[in-house]
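Trainee: Take this structure first; my questions come after.
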Amino acid sequence: MHNEEARSRVQTICLMILTTAAIGYAIYWLRPVLLPFVIAVFVVSGIAPVLETLQRRLGVDRLVAAGITFLAGLVIVMILGWTLWTSTIELREMAPAYRMRIQEIVNTIQDYIPERFIKEDLPKDKTSKLGTNEKGDLTNDETSTLDTNERIELFLDSMMRHGISQLSGALLNLMMTSIVVLIYVFFLLLGATAPLGVTGTWHEIDLQIRNYLRLKTVISVITGAIFGLAIALFGLPMAMTFGLLAFLLNYIPNIGPLVATVLPIPLIILQPDAGIGWMATAILVLSGIQFASGNIIEPKMMGESTDLHPVVVLLALMFWGMMWGIVGMFLATPITAGIKIVLERIDATKPIAAILAGHWKPPAETSPKQVV
């Protein structure tokens, strides 16, 4: 009897592993179809209260409320697209200034290296080809320097053109995906019953996702606005774009704020006539904004809204990032929180849910009974 129970338990575990692997492969293979739909589901969960408010306050039916919401979303997408496109044009206009700044940095390095190291590092036959000035110091060969500068300029031009074309392609792809998501959102809002959530597991998942998205959106808006304002005050270009990126990347725990802080650093370094003190001040201010948002404001406002262990959040970021790319990293936390709620409703998987929350403790060892 004991052997049959053990065999049945092993079979169940093996079937669960195979099922999980099959589901993971299906999620990865179907990502072009699933991604817009899953994004739309989360958007609907977040804006459902707005739809219900329109119905209640304006007294319109669900079709009109869904149409108003769809048009508002379309306007927001167009504004975002205009912001990104304007930033692309601004970056293209600033490209010559950045190219000159890079050339200055390269020339400084070229002037520094021969003065300190060429006398020791170059062989005699190479050194003899270099000219000398009145003091007897080595000078750069004019032809060699010209060739190096030309190569650098060609490389920078190619990099700028390639980067702008990549950015334009990504912008077009983002616009197309956003329109598909809006279409999904419209039909999901139209077909859902008010209120959207129903009793049971889905209702609990929907409430937790709504709470998470509401708090995260408020924090992200504040962070993005302050971040973009700081960039504008420092006189850096693309302030609106960097503020928008700070808003979006704040949805990715831990990693997103770090990326948002690093992105403007190249422009800070390439600013014409920028001193070391100004660069350090700008980087410290931008880092301080992200640090205060992620370590002071967010923990106090959100607390443990998802009830997930920080290590689980990092693992979820890596897993969903591997499955669905950058969008998967955006959705990793709410998806994992929803999976944890489902696992809590099944007796066999409750220990897994406890591990995800960081509440699981090994069973206490029972001491053998003393024989009197």
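Backbone N, Cα and C define each Cβ position, glycine as well.
From TrEMBL, for reference:
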| type | residues | note |
| --- | --- | --- |
| TRANSMEM | 12-28 | transmembrane segment |
| TRANSMEM | 34-51 | transmembrane segment |
| TRANSMEM | 63-85 | transmembrane segment |
| TRANSMEM | 170-198 | transmembrane segment |
| TRANSMEM | 218-245 | transmembrane segment |
| TRANSMEM | 251-270 | transmembrane segment |
| TRANSMEM | 277-297 | transmembrane segment |
| TRANSMEM | 309-332 | transmembrane segment |
Trainee: Output the single range from 12-28, 34-51, 63-85, 251-270, 277-297 maximising the number of Cβ pairs under 8 Å to the transmembrane segment (218-245).
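Mentor: The stretch I would name here is 277-297.
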Trainee: Please check if the transmembrane segment (309-332) comes into contact with the transmembrane segment (251-270), where contact means 3 or more CB pairs closer than 8 Å and the residues in each pair are separated by 6 or more positions.
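Mentor: These two stretches do touch.
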Trainee: Based on Cβ pairs under 8 Å, which of the stretches 12-28, 34-51, 63-85, 251-270 lies most in contact with the transmembrane segment (277-297)?
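Mentor: Checked against 12-28, 34-51, 63-85, 251-270; highest Cβ contact count belongs to 251-270.
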Trainee: Using a Cβ distance cut-off of under 8 Å, indicate which of 12-28, 34-51, 251-270 has the most pairs with the transmembrane segment (63-85).
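Mentor: By the under-8 Å Cβ criterion, the transmembrane segment (63-85) pairs most with 34-51.
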